[in-house]
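Encoded as structure tokens, the structure appears first; notes follow it.
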Amino acid sequence: MKRGCKFSFHVSVVIAAITYIYFSTVFVFIDQWLGLGSSPGMLNAAVFTLLAVMCISSYRTAIYTDPGRVPSSFVPDIEDAENPIHEIKRKGGDLRYCQKCSHHKPPRAHHCRICNRCVLRMDHHCVWMNNCVGHANYKIFFVFVVHAVIAVIYSLVLLVGSLTVDSQQDSEDSLRIIYIISGLLLIPLGLALGFFLGWHLYLIVHNKTTIEYHEGVRAMWLAEKGGQLYSHPYDLGVFENLTAILGPNILCWVCPTAGHIGSGLRFRTKYDNLIGISTPK
């Protein structure tokens, strides 16, 4: 399901950063090091262009894809014997009900105060996308981060390589400024995206969301305090967790749209009945 996108300062910053990194990498780093007219230069420019297109495509798709809405007709079936558990409120013990949306919430759904609605399997609200990350766009978001990390590392390698050539000749002041700005942008961006990628890879392997991780820390502490052993109820094993998010076909794991609604994010597990709903189309 597509959604409208309002203007966002953070989104414009991301687009400006992608544009700057692309043009500085292709028309400065590759040109200075290999030369755009040479075969190695043309090859690297083509590869980096393809990578940039994949980044923009996955970023755009993640922005415009609705993360997942709770149908207004959803009502938990507490008498369904196939449902192993029902999530309840931490206080009161009642079934989860959103007072702001005035309807019951399925398991793993949370209310986003920024979007002002409940989101299925909500991970977090990403200001850099002006959208929530949830059931229907989590894989797309993850694939974008993967592409972004590869692009930043690739650009850094080309930057360092071009510096080895520039050290033997006088560079123009404009090129020096580009190198300084690129270094100040790529190094912290690479570190931040690398940490972010590792964090979400950890969450996927354990079939958790960011919200569930923080809730699990408290639940684990309470369980240990009571002499019990806590285990995440949605953890099905590493491979099953990966396929539940990225899809059953390993070759399509880096494709942002392949399997992200049909099989990848459809909760193909024994907890399907816990959700009780499918992704809106």
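Glycine residues also receive a Cβ, built from the backbone N, Cα and C atoms like all the rest.
What TrEMBL lists as domain 'Palmitoyltransferase DHHC' is 94-214. Each residue in the domain 'Palmitoyltransferase DHHC' (94-214) has a pLDDT score, and their mean in this model is 90.
A Cβ distance under 8 Å defines the sequence-distant neighbours of the transmembrane segment (7-30), meaning residues of its chain 6+ beyond its ends; these are 36, 41, 44-45, 48-49, 52, 55-56, 59, 63, 127-130, 151-152, 154-155, 158-159, 161-162, 175, 178-179, 181-182, 185-186, 189. Residues annotated as transmembrane segment in TrEMBL: 7-30 (among others).
Note on the transmembrane segment (42-59): residues 14, 18, 21-22, 25-26, 30, 34, 36, 129, 140, 143-144, 147-148, 150-151, 154-155, 158, 256 of its chain, located 6 or more positions outside it, place their CB under 8 angstroms from a CB of the stretch. Among the features that TrEMBL reports, transmembrane segment is placed at 42-59 (among others).
The annotation transmembrane segment is assigned in TrEMBL to 140-165 (among others).
Counting residues 6+ beyond its ends, the transmembrane segment (177-205) has Cβ neighbours under 8 Å at 17, 20-21, 24, 28-29, 123, 142, 145-146, 148-149, 152-153, 155-156, 159, 163, 166, 171, 213, 238, 241-242, 245-246 in the same chain. For 177-205 (among others), the entry in TrEMBL reads transmembrane segment.
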